[in-house]
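Let me give you the structure first, and then I'll get to my questions.
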Amino acid sequence: QFQGGVWSLSTVLCDALMTMDVMLCTASIFNLCAISVDRFIAVSIPLNYNRRQIDLRQLILISTTWIFAFAVASPVIFGLNNVPNRDPSLCQLEDDNYIVYSSICSFFIPCPVMLVLYCAMFQGLKRWEEARKAKLRGSIYGANRKLYHPSTFIEREQTGLEPEECNPYTRSEHPGDYVMNNGIQTVSYPHLKYPHPGHGRKRAKINGRERKAMRVLPVVVGAFLFCWTPFFVVHITRALCKSCTIPTQVTSTVTWLGYVNSALNPIIYTVFNAEFRNFFRKVLHLF
């Protein structure tokens, strides 16, 4: 613990605390990067393959996240912080080279990768939406051609039937073809089959849920970059520029700004995710 700004516990406990701090911070960044990889795969690979491999892929991504985070933070617990003439009254990272290394591995490499993946993901999603709309327009056009194509007259010529026998607006022998509805004569075509309306709504609902998830993720990533970029810039500047004077208040502010990011994510999901918001209201109602 700190007493008057002085570390009063052992250096071993300090190293364990520094290791945990670096590992958790790195894991949070790698976790966002893993989410971007998962979303990129979801857009780039067909949906059935995506659903079939989701459990294995998430297990691999989560395991890789924590393995890499521990690999970045482990040098501290393994004695990197035990430099000669170390001041036991200060609990901080002592090796400037490690500060640069950890900052690059934890932030300055995964963040550009994450942004590139999100840009590629949204470009792929845009192309997928355009292709889907083009296919839908083509399906509607094809259906209209089948409905209004004068095939009955061709069939009449081939079979030798009279025009009245092939006219769709004449009375049919099949029950239910010729219906009187409130005095208005209507014709039904039982041989024409239309897709069930529920299928279209279900597909649109699934696509809408995916689009909502895509809109939430940039907000989460933007909030993360806003909160953590000042911390890592100040952190790496202190290690590279020994002559630079950075006030203690600035260091404390950027550090707590990074910690505040953990409190922002529930708020972001509550505002932008209707399912999360409804569940949150139910929980509050129970209590």
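In case you wondered, yes, glycine gets a Cβ from its N, Cα and C as well.
In case it helps, TrEMBL gives these features for our protein:
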- 1-269: domain 'G-protein coupled receptors family 1 profile' (DOMAIN)
- 16-37: transmembrane segment (TRANSMEM)
- 58-78: transmembrane segment (TRANSMEM)
- 98-125: transmembrane segment (TRANSMEM)
- 216-236: transmembrane segment (TRANSMEM)
Against the transmembrane segment (216-236), which of these stretches has the most C-beta pairs under 8 Å: 16-37, 58-78, 98-125?
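That would be 98-125.
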Who are the chain neighbours of the transmembrane segment (16-37) in space, where the CB to CB distance is under 8 Å and they lie at least 6 residues beyond its ends?
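Contacts with the transmembrane segment (16-37): 61-62, 64-66, 68-70, 72-74, 76-77, 81, 91-93, 102, 105-107, 110-111, 113-114, 117-118, 121, 217, 220-221, 224, 228, 258, 262.
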Within the domain 'G-protein coupled receptors family 1 profile' (1-269), what mean pLDDT does the predicted structure show?
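For the domain 'G-protein coupled receptors family 1 profile' (1-269), the model's average pLDDT rounds to 75.
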